[in-house]
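A short write-up of the structure that comes next.
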């Protein structure tokens, strides 16, 4: 082996160690921030019992490469306008849920895949906004795209709209798979928020879409999330910290 080749290989090894060390430091910093946020939540709970507001973190800061498209902060949703309580297009989650989502993202990375979130924490006032909309039979602006084959009167009975939502506890997320680099969504057989039986488990959808749903479901379950059978995009952390509660703080920027 010549001197130049030895120098080249040594340089490659040094560069590899540098990149690996950088990734380890980044992961350690993320874990430290999450531990700090979680510790703050525990101290507040110990001091005052159940909290009026949850400790939430901006998941995009803790999940490298997370793509966000918070639908209810804009107009591309089944209501057709921004929803009450969404003051910013952010994915807010409890520190525990954000840490679990980071594990999912890491598990998908070797396959060139990542996550795109559509909704995370949802304040109670947003849920109330959905309920008011559902009780207005004249407002059918989103029917053609989001519930073409279902009568609006049946949305409650079929479970697509409810008086309460697990999203208000801060550990539930709506999401899909994307290709890293391009951000292109993987086919899931139906778009997000299509109120239709095809969005649920066991639906007759193309094989590729079935495989993509299985990949997302497996990664989420592996990190501690539980799926919702009627909606392929909906997952709740099994050991969520605020079970049985619900919060109404608006979706807005939080302290790092």
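Placed from the backbone N, Cα and C atoms, the Cβ positions cover glycine too.
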Residue in 135, 234 which TrEMBL records at the Zn(2+) site where 167, 174 also bind: 234
Where TrEMBL places region 'Disordered' among the ranges 1-29, 30-58: 1-29
From 174, 231, 234, the recorded positions whose CA lies within 10 Å of that of residue 122 (site 'Transition state stabilizer'): none
Least buried by Cβ count (within 10 Å) of the recorded positions 174, 231: 231
Winner by Cβ contact number (other Cβ atoms within 10 Å) across the recorded positions 122, 234: 122
